[in-house]
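This report concerns only the one structure given below.
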Amino acid sequence: MAEHAGKNLNTFNQVMLPVYAPASFIPVRGKGSRIWDQLDNEYIDFAGGIAVLALGHCHPALAEALKLQGEKLWHVSNVFTNESALTLAQKLIDATFAQKVFFANSGAEANEAAFKLARRYAITRHHPHKTKIIAFHQAFHGRTFFTVSVGGQPKYADGFGPKPADIIHVPFNDLDAVKMVMDDDTCAVVLEPIQGEGGVTPATAEFLQGVRELCDKHQALLVFDEVQSGMGRTGKLYAYQHYGVIPDILTTAKALGGGFPISAMLTTDAIAAAMEIGSHGTTYGGNPLACSVGNAAIDIINTPEVLAGVEKRHDLIIHALEKLNQKYGIFHEFRGKGLLIGAVLQAEYQGKSKEILQHAAEQGLMLLSAGESILRFTPSLIIPENDIAEGMARLDRAIARWLKWGE
Ligand SMILES: Cc1ncc(COP(=O)(O)O)c(C=O)c1O
């Protein structure tokens, strides 16, 4: 379109707050697991919008839901409820441990609601000093000031003045470390069952079980941030369902709207009762447009075919990565579950993941890293097997170029 003519990274640098360093190409359209840029170069998408596009780009059922709702009712605010939100809340309740839902627009907002709820519950049901939140190194929970402070990566939280108080961080998967800091003043333990941004690190079953027991002993709430690991990404609707450890509060976002912004916080009746009218809220959360797309997404994702397909695609990707590793020997370890996979670089290549991403883009592959030494694979849950094979062939060429093989 004429109004977009000449828009490029120079424009980006002129008009955007300098908090991102986007790739050099600008995607303009997508279909399934393929994307095209301004010059009509085609890319295979192994990034999935950072674990958002569970059903790929422009899935017909989601596009249809958006179109239908777009011609019916967009927004009413929470001064009124709406049918799409009620339907989606019921589906989330039917599929999980939860009995109450709060909708918001982003992962950070769902977590913000979760942490406020945990504090409110502890203060009103127990005592006013029960405010300690135990969280983990490398955790990521969003960028509002509360969530970034609960996150375990100081580089994101520092430099903004005094932080919300009474948050303590300990090493992930280290039950003894949790035991050392846990007491009756603890209101919540917050964790990602699989740390995503922090390096694709799954919790061990013993750790989750142990944390659950400690929470019960000290009457603290267990909060699972499933913003990245949820909505089918690991082959179950939520990752906690692999472990059989039930949280008190769970947050979900990203894939919940398949690319349309929506998030939710799920909890039980008893905990929800700590809130009252006016104690929390949002203008857009749970709007009819977002919830209509969310309804279409969950109907497809929460089916045995799609969930079983995640396991199958996991195996295909791991197998392809193992073959690449036989050839190049650059990976030290593969970890993660379902289609949240991390390929950890060997010690000699530490810090170099961004270089590989750049070569991958040049070969027509969109890929993510998790930190500087891990490649992260979060494609669509229904990525066609051919696209996995073609994407891996492109990654093969990218690695060869990066290592300067054949030059
Ligand atoms: C586990 C987790 N929690 C929270 C967030 C924040 O979500 P949002 O960027 O939608 O606020 C992310 C985003 O990457 C995440 O991975």
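Backbone N, Cα and C atoms are what each Cβ position is placed from, and that goes for glycine too.
Its Cβ placed at the centre, ALA108 (pyridoxal 5'-phosphate binding site) has 23 other Cβ atoms within 10 Å. Annotation comment: TrEMBL describes GLY107, ALA108, PHE140, ASP225, GLU226, VAL227, GLN228, THR283 as pyridoxal 5'-phosphate binding site.
ARG143 (N(2)-acetyl-L-ornithine binding site) carries neither a helix nor a strand DSSP state and counts as coil. Sequence-distant neighbours of ARG143 (N(2)-acetyl-L-ornithine binding site) (same chain, 6+ residues apart, CB-CB distance under 8 A): ALA108, TYR156. The N(2)-acetyl-L-ornithine binding site annotation in TrEMBL covers ARG143, THR282.
Residues or ranges marked as N6-(pyridoxal phosphate)lysine in TrEMBL: LYS254. DSSP assigns LYS254 (N6-(pyridoxal phosphate)lysine) to a helix in the three-state reduction. All chains included, 28 other C-beta atoms sit within 10 angstroms of the C-beta of LYS254 (N6-(pyridoxal phosphate)lysine).
In the three-state DSSP assignment, the secondary structure recorded for GLU226 (pyridoxal 5'-phosphate binding site) is coil.
Looking only at other Cβ atoms within 10 Å, the busiest spot among the binding-site residues PHE140, ASP225, GLN228, THR283 turns out to be ASP225.
You'll find the Cα of PHE140 (pyridoxal 5'-phosphate binding site) roughly 22 Å from the Cα of THR282 (N(2)-acetyl-L-ornithine binding site).
Least packed by the Cβ count within 10 Å, out of the binding-site residues GLY107, GLU226, VAL227, THR282, is THR282.
Taking PHE140, ASP225, VAL227, THR283 as the candidate binding-site residues, the subset whose CB lies under 6 angstroms from any atom of ligand 1 consists of PHE140, ASP225, VAL227.
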